[in-house]
Ligand code: FNR
């Protein structure tokens, strides 16, 4: 039976993957309240369609940081793709290139950055950086990324410490033993540097350190994980180029707002001075439309990409992207939008339930 929606891929992946891998992908922090609320919150928003508007030609294209994408649906950084499919991130990169969307490659990628860039040379790629306590290593990595044609640097701010993932504790999951994180290594050393030396994330990083990052790269800097107006205002003050409103798929601090519920506050705070994006809980074309109606320029998918990868590698990710892009096209037509620019706040209302 063909798979018809993103949750069909979820069911397939659950069957196919070993339990510890499935739990690692699917799990949230603590009670997984925020992970589940990311999904539930979209269902609290209702659509207000407008009819008789000629939707023969619906155009889903848009831009992010000045670059065209075929639809405002891109790929969030997730680590360890080789846990799910043999050539992991390389399959993901090819699928993103074929779909004409942006792929944010994680610091915890399990294929070398050189190989990811070479396998999809025309794809739009951003790089997600966890700043390492050894700033020299981070500087080398940023310079490597820039020379490989990655077009933006995404700094994930919501991991000063890893969230409490109970299922990984119960499963005694040890990613270090399974995989080598090739992207952290210099090309020469990339098979010899042990993971444990390379994996720490700098918990001392502060707003003032952003000027150091800005001094070592010409790439636009985007902050991933901002949830409040206070931090959004600081991002404007520090000349940041974009924000991804995100709670890490509910894997870091539990009991924070669902991403979609935090979006409007952040959009209002930046006053149009930078693009605002969103990830967390996007599963349908209607979800994409709701996020854009609340001011997101584009959304990103986390787990659904891994479900597609588990299904059929590159082809599975292509299918996932294709299905949600088609759903979004239908959502636009059925609400009366010919172009992404027409999507606005009047198209939604919050349900009283
Ligand atoms: C993540 N996420 C993540 N984020 C990040 O900045 N760097 C990373 O390496 C990872 N790794 C990672 C692994 C796995 C298995 C998951 C599920 C998530 C978080 C990710 O970028 C994104 O914020 C969420 O996954 C979005 O929520 P959905 O789409 O999964 O609901």
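Numbering starts at 1 and runs along the chain as it is shown here.
Positions of Cβ are set from backbone N, Cα and C atoms, glycine also.
Of the listed candidates (151, 165, 166, 170), TrEMBL assigns 165 to the same glyoxylate site as 248, 251. Ranked by Cα separation from residue 282 (FMN binding site), the recorded positions 165, 248, 251 are led by 248. Closest in space to residue 77 (FMN binding site), of the recorded positions given as 165, 248, 251, is 248, taking the CA atom of each residue. In the predicted model, the domain 'FMN hydroxy acid dehydrogenase' (1-353) has a mean pLDDT of 94. Taking Cβ-Cβ distances under 8 Å and a sequence separation of 6 or more, the neighbours of residue 302 (FMN binding site) in its chain are 76, 78, 249, 279, 280. Among the binding-site residues 79, 156, 165, the ones whose Cα sits within 10 Å of the Cα of residue 248 (active site, proton acceptor) are 156, in sequence order. A separation of roughly 18 Å, to the nearest angstrom, links the Cα atoms of residue 165 (glyoxylate binding site) and residue 246 (FMN binding site). Excluding 165, 248, 251, which define the glyoxylate site, the same chain contributes 27, 28, 29, 35, 162, 163, 249, 250, 252 within 8 Å (Cβ to the Cβ centroid), listed in sequence order.
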